[in-house]
């Protein structure tokens, strides 16, 4: 998956897809009560990027739903996966559960439109800290009594992006009601302004490939330097989050990679662990 980073304006959806992305990451900002309010990252962010682009949440989710609904004039078949980078550090932790419920309602009614046929992209809920796990728990429990529980079970995955201990991550996912390999993505990375080793990525890949692991997919963020991308691919990641999707698309055509990797399509299940 080529994961377009920090796609927070409606026009950026097509911009990143046109550059070769088949996935986007969207930053979700919340009000002080934990209700989703805007798409917004804020400063600091990545080098050579504007950090303050924003849309009202309802407007962006409406556009995102259109872009991922077959038959809609704005449908883009390339967009198969959306990572919601949930900025849950801006409100009191006591509101985490209610915030997760509110975001579940947003997805159900504004993205899926209360229908099996709208908003088909797979979704990853990405939390910045392990102690925010009640957001995931609440999101999942919202659908326990819903006729749309099948969409939760088919289309929603989970990630913690704070580079915390992976053994503890497994424990916390269990607390949130998420079983081993139940749609678990594991990210590792840092701003593109700083070089980061692949040690933790390789550790995550080893867990992914272990018979007793809990991870389905591993991705690295945020890179676009050719050497860094090649190194990440050689480490066997499943996704790369980037500001320059065309760089990754070009590298995938190189002799060293063209027979080892291909761009994921909607037929490729992001919850299945790939076996070579």
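Along the chain as shown, the residues are counted starting at 1.
Glycine residues also receive a Cβ, built from the backbone N, Cα and C atoms like all the rest.
The active site annotation in Swiss-Prot covers 5 and rests on similarity to another entry. Per Swiss-Prot, active site, nucleophile is recorded for 41. Residues annotated as Mg(2+) binding site in Swiss-Prot, with similarity to another entry given as evidence: 25, 27, 85. Annotated disulfide bond per Swiss-Prot: 45-51, 47-193, in sequence order.
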In three-state DSSP terms, the structure that residue 25 (Mg(2+) binding site) belongs to: strand
Minimum Cα separation from the residue listed as 'active site, nucleophile', reported as the residue among recorded positions 25, 27, 47, 193 that achieves it: 27
Rounded inter-Cα distance in Å - residue 85 (Mg(2+) binding site), residue 5 (active site): 10
Near-site residues: Mg(2+), ref 25, 27, 85, CB cutoff 8 A to centroid: 5, 6, 7, 8, 26, 28, 41, 83, 84, 86, 126
Residue 193 (disulfide bond) versus recorded positions 5, 25, 27 - nearest by Cα: 5
DSSP-derived class (H/G/I helix, E/B strand, else coil) of residue 45 (disulfide bond): coil
Residue, out of the active-site residues 5, 41, whose Cβ gathers the largest set of other Cβ atoms within 10 Å: 5
